[in-house]
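Asks: OK, TrEMBL features for this one:
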type	residues	note
DOMAIN	59-180	domain 'FtsK'
BINDING	Ser76, Ala77, Pro78, Gly79, Met80, Gly81, Lys82, Ser83	ATP binding site
Amino acid sequence: MVLSIFFHTALSQPWLPPLEKVIPVESLRPGHFKDFWAKGLRPLEAMIGFVDIPSRQTQEAVSHRFETDGHLVIYSAPGMGKSSLLQTMVMDLSRQLTPEHLHVYLFDFGTNGLLPLRDLPHVADNFLLDDTEKLTKVMARFKAEMADRKKRFSRHAVSNITFYRLIDKSNNIIFYFNGL
């Protein structure tokens, strides 16, 4: 009888269960978009996913803070999740920031993985590889925007977007993600 109980009792595991294959954006940053939008301008932080940290027996949400972490380049072989990562980041930023505070330009030169995002109110435009005329125009617009930002930063004696946002809270932030 003792052997029967022994073999039916599950042993405690020294590790956490594996991460889920699909993780809803809301589980990375719980809350409703209307509550986030009511808080006004927020730091530019995009949730990426969960990371498993076996040495600490924990699983934590991971984010990228554009104001402190800087630019982000994502590259890999086809089918490795670049578009999924960009979708996650854009959705998280869109949940946090109103369309007034976040403008997204989608550059999708691959498998159209960013097309599901095109109807978000934050998306200014979507570009595919063969959109030569549109690409030329938007690059000219970005160049003008960078020149204008340089002048505004100089006028306000600030060196980065974090300090500029403290001075001018009406500033529209333009983000452009490149899905290659």
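Each Cβ is built from the backbone N, Cα and C atoms, and glycine gets one as well.
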Asks: Please spell out the DSSP helix, strand and coil residue counts for the domain 'FtsK' (59-180).
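Replies: Reading the DSSP string over the domain 'FtsK' (59-180) gives 53 helix, 25 strand, 44 coil.
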Asks: Take the Cβ of Ala77 (ATP binding site) and count every other Cβ within 10 Å, whichever protein chain it belongs to.
Replies: 6
Asks: Fewest other C-beta atoms within 10 angstroms of its own C-beta: which of the binding-site residues Ser76, Ser83 fits that?
Replies: Ser76
Asks: If you draw a 10 Å sphere on the Cβ of Pro78 (ATP binding site), how many other Cβ atoms land inside?
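Replies: Looking across every protein chain shown, the total is 7.
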Asks: What average pLDDT is reported by the model for the domain 'FtsK' (59-180)?
Replies: 87
Asks: So which one is it: of the binding-site residues Gly79, Gly81, which has the fewest other Cβ atoms within 10 Å?
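Replies: Result for the binding-site residues Gly79, Gly81: minimum number of other Cβ atoms within 10 Å at Gly79.
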